[in-house]
């Protein structure tokens, strides 16, 4: 028994900031950003537009795409590292916005790997036969964590949300397999925020060692994917679309090169979305689905890495 995606939806705030606009108040330029990251623009939420609002917009699109009633949902999981409040959870607020009562809802925090983590958790819950329809969301207001004086990080991130509706599969479609990992030994030497509720009462700002993260991303995502391929007796040629975490075009291209995944199979949205953390994969999936390219039976590969470090991959048959 496994879960399948029956609907998806993405939402990006209306405000778009190009590299040239960013260069007006940050010591950077369009060429510097594009050549190092592949990013040309990012969407930025307004001051009163919170993660829960982004989540709601994407959830409504996913519900409509799935053709279900909101009342069919019996569990909500929101993957985020930028909640509106310390508590309640974004998922709880979203449940209220949707008018749902007496169903469980919770947030899952695995940063950029959140959606892959959430997919495995949701699949386990559907496989338990306790839940039939799960709303799984990746939603982030990453710009709230940026130090706009640090050009090595502030140029990388954007805001947005992506949602999927999951139900039990009655055929061979759905989640084929997934793996998730973490390693917290050297978190403060790679990627973290310099604050937190129990540390100093503030959320802090993103601190990142880019070269170290690049090396870890290539090594760990590549091994995660190879493990899945081996475990399921798949070859790279079986993959129809590769949807990696949209962190940096160099990471995406290097992974595709090392794994011998053909260029036309690699989904890239980092140029327009920037790094939306847990929202990046479901946003990219929604973009791909809207293009009309996916057909039934296609094999999709998701893979992500985030702070922690957390990482993992998943195979889905559409």
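Glycine is no exception: its Cβ is also placed from the backbone N, Cα and C atoms.
Check Swiss-Prot against the ranges 236-240, 241-245, 246-250, 251-255 and you find region 'ACP-binding' recorded for 246-250. In this structure, the active-site residues under consideration are 112, 245, 275, and the one with the smallest number of other Cβ atoms within 10 Å of its Cβ is 275.
Note: the CA-CA distance between residue 112 (active site) and residue 245 (active site) rounds to 7 Å. For the region 'ACP-binding' (246-250), the number of residues in each DSSP class (helix H, G, I; strand E, B; coil) is 2 helix, 0 strand, 3 coil. Residue 275 (active site) sits 8 Å from residue 245 (active site), taking the Cα positions as reference.
Mean model confidence for the region 'ACP-binding' (246-250) is a pLDDT of 97.
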